[in-house]
Amino acid sequence: MKILVINCGSSSLKYQLFNMDTEEVMVKGLVERIGIEGSRLVQKNNGDEFVIEEAMQDHTQAVGHVFDALIDSENGVIGSLDEIDAVGHRFVHGGEKMTKSALINDEVKEAINDAAKFAPLHNPANMMGLKACEELLPNVPNVAVFDTAFHQTMPEKTYLYGIDYKYYEQEGIRKYGFHGTSHNYITNRAAELLNKDINETNIISAHLGNGSSITAVKEGKSFDTTMGLTPLEGLVMGTRSGDLDPAVVTYIEEKDGVSPGEMNNILNKKSGVLGISGVSSDFRDLEEAAKEGNDRAQYALDIFTTRVKRYIAGYMAEIENTDAIVFTGGIGENSIELRKEIMTGFEQFGIKIDDEANNVRGDEHVISAEDSKVKVMVIATDEELMIARDTQNLVK
Ligand code: ADP
């Protein structure tokens, strides 16, 4: 079975074609600047690059070019579009209705549109990819996989906010959590590596990348997570503030006459380690600047690691028995120094990193010492494969 995975942003589109017999990626690509001058598709196949530079006014045209690239006689990987058995789409917000991945039908579309009030940029963009596939491949089933779905197992005590209950009842304001596809993949893979039944697996999944979130997984299910109603809550991220006294928001809005929309932009795009350091949202740049003596870059790194520590320790208490702490995402998989810094202080709980074992990037490794009370691991996440698997299971 061949499955196409599509992840649509407002002006970009990432895709991967999977051969599910082997779970191999046959080809992957990226379209950028959709609807903007300079639209460009780059498809990668074992180091070979195939580029299409043509105007792409909208997502339907972009998807059309993706199909052209997939069946291109020289650079394509399939003979015809009939070989695509299903398309899996990443959707950011599924609200409370979408508790798992789903075959697209009118009800699912309605749930996606309802949840768009909390993901006004993402859900409509994701929907454009779906519409394009429905139009261009009318006989191929589409599946929606939601970033929020894995977290729908959270109990009230972790998803409700400390505000008037009416906001939950009337508006659905609560913690939803994101990166669910990644935390789900990590949970499955960790259970396999730990050789445990997934329903008995308790882990802390730390997805640390440009966007970062940590999930407490109890008995294979999400029990608590750092992101909230939107991806803004929790850890300090590349450009997002993370947790904040809500009074900071109203103070700045009143003092500087900032509108809610502008405030949203400040908190999502101009805050986090970028805002603190004034240097970059990229952790490699920050580590370099800090080494050269830039104080603000060092503060940004310290604030990041402190908050990661705080959540890991708190979540361990929440899930009671922790089998493993797992690092994933660009930073979690690659930053030897930050992993070491985050785990410093956990020795008092009998959790120890083995410096030599920690001296690795990517892939799958145990980085804790033999006698560590809890295993600490690095697992490279694979959200696209998770989407492809869910899609296969639903269309089979
Ligand atoms: P996204 O959330 O966009 O998927 P990624 O998971 O790819 O992001 O993570 C990107 C982050 O990972 C960047 O801040 C980058 O600096 C960081 N990163 C990648 N490689 C390293 C490394 N070797 N050391 C430190 N940070 C790294």
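Each residue, glycine too, has its Cβ placed from N, Cα and C.
Taken from TrEMBL, the feature active site, proton donor/acceptor covers Asp147. Summarising the annotation, TrEMBL assigns Mg(2+) binding site to Asn7, Glu383. Residues or ranges marked as ATP binding site by TrEMBL: Lys14, His207, Leu208, Gly209, Asn210, Gly211, Asp282, Phe283, Arg284, Gly330, Ile331, Gly332, Glu333, Asn334. Residues or ranges marked as substrate binding site in TrEMBL: Arg90. Look at TrEMBL and you will find His179, Arg240 tagged as site 'Transition state stabilizer'.
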Review point. So which recorded positions out of Asn7, Asp147, His179, Arg240, Glu383 end up within 10 angstroms of Lys14 (ATP binding site), measuring C-alpha to C-alpha?
Key: Asn7
Review point. Taking the residues Lys14, His207, Leu208, Gly209, Asn210, Gly211, Asp282, Phe283, Arg284, Gly330, Ile331, Gly332, Glu333, Asn334 listed for ATP, what is the greatest CA to CA distance in Å, to the nearest whole number?
Key: 24
Revision key, fill the gap. Arg284 (ATP binding site) falls, by three-state DSSP, under helix
Practice item. Please report how many Å separate the Cα atom of Asp147 (active site, proton donor/acceptor) from that of Leu208 (ATP binding site), as a whole number. Key: 15
Exercise for review: Could you check what DSSP calls Lys14 (ATP binding site) once collapsed to helix, strand or coil?
Suggested key: strand
Check your understanding: Near ligand 1, which of the binding-site residues Arg90, Leu208, Glu333 have CB less than 6 Å from any of its atoms?
Key -> none
Check your understanding: Once the chains shown are all counted, how many other Cβ atoms turn up within 10 Å of the Cβ of Asp282 (ATP binding site)?
Key -> 15
Point to revise | Nonlocal residues around Arg240 (site 'Transition state stabilizer'), in sequence order (Cβ under 8 Å, 6 or more apart) | key: Gly211, Pro231, Leu232, Leu267, Asn268, Ser271, Gly272
Point to revise | Glu383 (Mg(2+) binding site) in three-state DSSP notation | key: helix
Practice item. Count the other Cβ atoms sitting within 10 Å of the Cβ of Asn210 (ATP binding site), across every protein chain shown. Key: 16
Review point. Which one is it: of the binding-site residues Leu208, Asn210, Asp282, Ile331, Glu333, whose Cα lies the shortest distance from the Cα of Asn7 (Mg(2+) binding site)?
Key: Asn210
Check your understanding: So, in DSSP terms, is His179 (site 'Transition state stabilizer') helix, strand, or coil?
Key -> coil
Study note, to complete from the structure: What DSSP gives for Leu208 (ATP binding site), in three states, is strand
Practice item. For the residue listed as 'substrate binding site', find which of the binding-site residues Arg284, Ile331, Glu383 come within 10 Å, Cα to Cα. Key: Glu383
Check your understanding: For the recorded positions Lys14, His179, which one has its C-beta crowded by the most other C-beta atoms within 10 angstroms?
Key -> His179
